[in-house]
Amino acid sequence: MFGKRKKRVEISAPSNFEHRVHTGFDQHEQKFTGLPRQWQSLIEESARRPKPLVDPACITSIQPGAPKTIVRGSKGAKDGALTLLLDEFENMSVTRSNSLRRDSPPPPARARQENGMPEEPATTARGGPGKAGSRGRFAGHSEAGGGSGDRRRAGPEKRPKSSREGSGGPQESSRDKRPLSGPDVGTPQPAGLASGAKLAAGRPFNTYPRADTDHPSRGAQGEPHDVAPNGPSAGGLAIPQSSSSSSRPPTRARGAPSPGVLGPHASEPQLAPPACTPAAPAVPGPPGPRSPQREPQRVSHEQFRAALQLVVDPGDPRSYLDNFIKIGEGSTGIVCIATVRSSGKLVAVKKMDLRKQQRRELLFNEVVIMRDYQHENVVEMYNSYLVGDELWVVMEFLEGGALTDIVTHTRMNEEQIAAVCLAVLQALSVLHAQGVIHRDIKSDSILLTHDGRVKLSDFGFCAQVSKEVPRRKSLVGTPYWMAPELISRLPYGPEVDIWSLGIMVIEMVDGEPPYFNEPPLKAMKMIRDNLPPRLKNLHKVSPSLKGFLDRLLVRDPAQRATAAELLKHPFLAKAGPPASIVPLMRQNRTR
């Protein structure tokens with residue numbers, strides 16, 4: 001009982017210790033230093049992308065504490081408030097929304113198995129596997145979701161944040177930072193801005209004239225969509241904060257803006273928060289009091305969820321998908337790969353939390369565009385679902401990854417550059433013919449199959465033009481790829497995609513877009529004020545590639561070539577087969 005206490009085991013200090021790795025963070029360069037080689041591709045590739053610039057005044061507001069309601073199938077429960085919302089959606093046309101369109105072509109009939117997947121996806125017009133999603137900094141798996149029949153609408157809840165959740169504010173980008181996929185800026189127009197805003201003095205290269213009298217183009221509801229610009233003075237690149245007051249003057253932005261400098265437009269009339277709407281209608285109506293029913297109303301989370309329920313498929317994808325593995329993040333959600341239980345096929349699943357969206361109405365684009373416009377050079381969507389408070393989009397999985405990895409770490413020859421441009425222009429020519437503007441063309445949005453085929457993805461921020469709405473005005477996109485007329489807040493059309501494609505060609509030649517060592521706001525000012533950017537390695541390209549680029553990067557959008565015209569350019573005759581891209585993917589994997 002009182003035996004001798006056991007001798008304490010002595011553990012020696014480490015012997016022959018060598019400190020081989022020391023990792024730190026350079027605050028000036030905003031990047032990690034001394035990373036082991038194995039970690040570099042995991043951390044640097046996503047950490048170097050500049051964050052989107054967001055105006056918090058126009059972030060979709062949420063009304064917590066709404067009563068929970070059961071949604072069955074694909075129909076929403078029609079209480080009084082929801083009935084008004086759904087009636088608005090049914091009567092909505094492209095004039096009032098770029099997402100919900102009455103004139104959308106009907107989705108093609110495709111035979112589906114019980115698990116919701118097409119029976120023969122390879123036989124569709126698409127032609128092959130693709131990739132889903134884009135990079136970003138939002139995370140959060142669904143915690144609750146009903147079965148394939150009944151589905152509970154979850155109330156407000158706190159979700160675990162990703163370890164790398166993106167900040168809403170801007171960041172200065174060093175040379176090795178790349179922007180997230182998604183809309184970076186969208187600036188609402190406060191009412192009462194002085195008309196006839198002139199470009200700043202000392203802009204010898206800007207050929208865009210300002211209208212002497214800018215007529216307001218936006219009513220009390222909806223996104224501004226007519227041709228007359230009424231934005232702030234482009235000369236100062238003054239991006240006003242959203243306000244319902246007509247007396248706030250625009251402020252000149254200096255350096256990296258504050259989080260409230262830039263923000264998205266409200267695209268859908270009934271989904272726009274009141275802070276983003278002007279105080280007075282743009283066009284005076286007939287005399288008489290306004291009907292209170294016509295005033296924009298705040299749409300609760302439950303109402304928005306019920307409206308989204310109408311365009312997605314019923315059921316729960318977890319009933320036929322297994323082994324979800326997160327492979328990336330986008331500006332709207334996370335991207336996972338999953339396995340179809342019955343066949344073992346890999347698919348990509350993009351999960352977007354309705355409560356974490358900068359502009360939740362743009363989620364309709366994630367479903368509608370890929371569903372309605374099918375092409376062999378556009379990523380194919382299989383199904384879409386509401387799982388709890390998340391929109392899940394099931395798409396084909398693209399094993400080759402994004403073009404960004406190739407342009408950053410390898411050098412492409414002209415045969416390979418032409419092959420990428422040909423595929424992208426074939427997709428854009430179809431989309432532009434239908435009045436769809438992508439608005440975020442860049443290497444991040446170009447995805448590759450395992451055999452080198454090129455596909456266009458990331459349709460969450462596209463817009464629709466038509467005879468009713470021939471031009472758009474929202475400031476949406478990634479700064480370094482934006483067209484000058486878009487930055488100048490002039491009305492634009494599909495030609496902004498052509499400019500962005502030209503910047504992507506520079507990416508493929510030089511490895512990065514122009515002004516990439518500048519902060520986003522300064523880069524936008526330089527794009528707006530300067531001559532079209534030139535290649536750094538101009539001496540290394542052929543005259544045909546230079547001539548092709550000169551047709552893309554034209555400051556006057558009226559003189560810029562269309563996608564259909566560019567498909568006839570001699571440079572595209574150099575395009576190699578998809579197999580010519582495979583060595584680049586192999587080289588990137590073995591680096």
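The backbone N, Cα and C atoms fix where each Cβ goes, glycine too.
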Worksheet item: If Swiss-Prot marks one of Ser167, Ser174, Ser244 as phosphoserine, which residue does it mark?
Response: Ser167
Item to complete: Among Ser97, Ser242, Ser267, Ser319, find the residue to which Swiss-Prot assigns the annotation phosphoserine.
Response: Ser267
Practice prompt. Choose the correct range: of 298-323, 428-453, 506-531, which one does Swiss-Prot annotate as region 'GEF-interaction domain (GID)'? Give that range.
Written response: 298-323
Fill in: From Ser99, Ser181, Ser217, Ser243, the one Swiss-Prot labels phosphoserine
Ser181
Worksheet item: Which residue among Thr60, Thr207, Thr404, Thr408 does Swiss-Prot mark as phosphothreonine?
Response: Thr207
Worksheet item: Do you know offhand how many angstrom separate Ile327 (ATP binding site) and Asp440 (active site, proton acceptor) by C-alpha?
Response: 21
Worksheet item: Roughly how many Å separate the Cα of Glu329 (ATP binding site) from that of Ser474 (phosphoserine), to the nearest whole number?
Response: 25
Worksheet item: Near Asp440 (active site, proton acceptor), which binding-site residues out of Ser331, Gly333, Val335, Glu396, Leu398, Phe459 have their CA within 10 Å?
Response: Phe459
Worksheet entry | Residue with minimal Cβ packing [other Cβ atoms within 10 Å] among the binding-site residues Ile327, Val335, Leu398 | Ile327
Worksheet item: Using a 10 Å radius around each Cβ and counting other Cβ atoms from all shown chains, which of the recorded positions Ser331, Ser474 yields the largest count?
Response: Ser331
Worksheet item: In DSSP terms, helix, strand or coil for Ser331 (ATP binding site)?
Response: coil
